[in-house]
């Protein structure tokens with residue numbers, strides 16, 4: 001059997017993305033075991049498993065009754081296929097690929113799937129520059145945006161959506177630039193838009209972007225306006241069909257459930273917790289409009305912010321020009337539409353920029369275009385200074401990323417002062433990945449000291465603590481019953497302000513997990529076990 005050979009010209013043409021992919025895959029296989037189980041992971045994978053069973057079983061009254069009434073306590077009705085308002089297709093596929101349900105394998109699969117995010121980023125730049133070296137700038141900037149790339153291993157919700165959203169952006173740019181076979185365009189966009197909408201309702205902004213830009217071009221050309229409207233309607237209806245196939249809840253009662261899905265996405269009544277923002281604990285109603293812009297400005301690397309600012313400045317001065325079909329125009333339109341949605345609808349947003357990772361990806365790629373075009377527009381003597389500055393900053397960001405590992409997503413840029421600058425001001429380990437390391441520290445202490453019957457209370461992410469405990473210590477539901485308390489710093493802050501703080505005396509700190517000298521997890525124990533962890 002002969003191995004499939006990749007043609008030499010293809011390798012030469014795309015050598016840099018191939019090298020990037022090889023390094024990325026190597027790192028994925030080397031590091032996938034480092035990442036901890038995050039808050040929503042188990043329920044997402046469980047929901048995917050329920051979807052696979054649902055799709056293989058006729059929808060009878062007995063099955064629905066069993067589905068609703070025989071579910072585990074940790075699974076709410078909204079996690080089940082008939083009631084889930086967004087697609088669990090991705091996690092269903094992961095379950096098929098990982099039948100033994102090892103979280104380490106889930107993380108590896110997420111990393112492998114994450115490669116598509118970088119490939120789509122590369123493709124978006126390549127259709128403009130036709131040059132592998134310039135096009136690979138996009139993937140490199142994305143990888144060195146830790147607040148985004150740090151979510152790839154253990155976020156089976158926001159990263160898949162960001163990937164599909166980027167694919168939609170790529171296809172809009174491609175078809176605007178190369179109008180040809182309309183049947184292929186309609187079918188492709190309808191399917192991809194439908195997948196995006198079924199994963200997050202805000203995926204509808206892809207259709208809005210395509211429609212606005214297509215209509216603008218048709219009106220400017222003074223032809224094809226009616227055909228553009230017709231084609232757009234067909235794409236929209238096809239995307240709804242894909243939405244129905246992907247989300248049984250929408251298909252069960254299309255019009256009513258579609259309206260509910262859209263309104264629920266804005267209000268998200270199932271979430272009602274505190275947000276740590278600018279040093280204050282806020283309810284979701286108290287979150288100010290500048291929450292997202294401010295967090296983006298302190299969680300994106302400075303090279304991204306500087307590139308966008310300089311690119312906009314040059315564009316305003318008409319030093320840089322972009323046509324309607326250029327990806328910069330597509331991304332800018334998408335960014336504006338989504339920002340308007342954010343301001344007008346005031347959706348529930350928490351966990352930093354997690355819900356807007358797709359938005360951050362768009363900004364990073366916008367920065368990539370501006371950086372490349374700004375470099376080419378610079379005078380020769382300035383190019384070396386610019387190149388040296390960019391490479392030095394990216395290397396510095398790489399060092400910081402390595403130091404944050406495996407909690408890259410808690411990155412804050414130098415404008416904010418890094419983690420030291422935002423300590424007690426914003427959330428750090430909001431995704432709960434460090435509960436793994438805390439649980440393993442406790443396990444190591446239990447095994448070294450031969451402790452039996454140790455009772456541990458976890459402030460959050462209890463499943464992760466159990467998963468990594470190897471059942472050598474007991475998890476309890478009340479801190480008063482515990483010998484030891486594991487807490488991330490945000491939950492520690494909540495306990496100090498909403499509960500009896502006397503536990504700080506009876507449970508002194510015995511260990512801390514730190515990054516950049518800042519605690520992100522705290523382990524407390526009674527006097528009897530204050531030497532458990534050394």
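Note that Cβ sites are derived from N, Cα and C of the backbone, with glycine treated the same way.
Caution: TrEMBL annotation is automatic and unverified by curators.
Record features (TrEMBL):
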- 15-32: transmembrane segment (TRANSMEM)
- 108-129: transmembrane segment (TRANSMEM)
- 135-152: transmembrane segment (TRANSMEM)
- 159-176: transmembrane segment (TRANSMEM)
- 188-213: transmembrane segment (TRANSMEM)
- 233-255: transmembrane segment (TRANSMEM)
- 291-316: transmembrane segment (TRANSMEM)
- 328-349: transmembrane segment (TRANSMEM)
- 355-372: transmembrane segment (TRANSMEM)
- 384-402: transmembrane segment (TRANSMEM)
Long-range neighbours of the transmembrane segment (135-152), counting only residues six or more past its ends (CB under 8 A): 16-17, 20, 24, 110-111, 114, 117-119, 121-126, 129, 158-159, 162, 299-301, 303-304, 352-354, 357, 360-361, 364-365, 367-368, 371-372, 394, 397-398, 400-401, 404, 407-411, 431
Please figure out which one of 15-32, 188-213, 291-316, 355-372, 384-402 racks up the most CB pairs under 8 Å against the transmembrane segment (159-176). 188-213
Stretch among 15-32, 108-129, 233-255, 355-372, 384-402 sharing the most Cβ pairs under 8 Å with the transmembrane segment (291-316): 355-372
Using a Cβ cut-off under 8 Å, which residues of the same chain at least 6 positions beyond either end of the transmembrane segment (15-32) come close to it? 104, 107-108, 111-112, 114-115, 118-119, 122, 132-133, 135-136, 139-140, 143, 153, 405-406
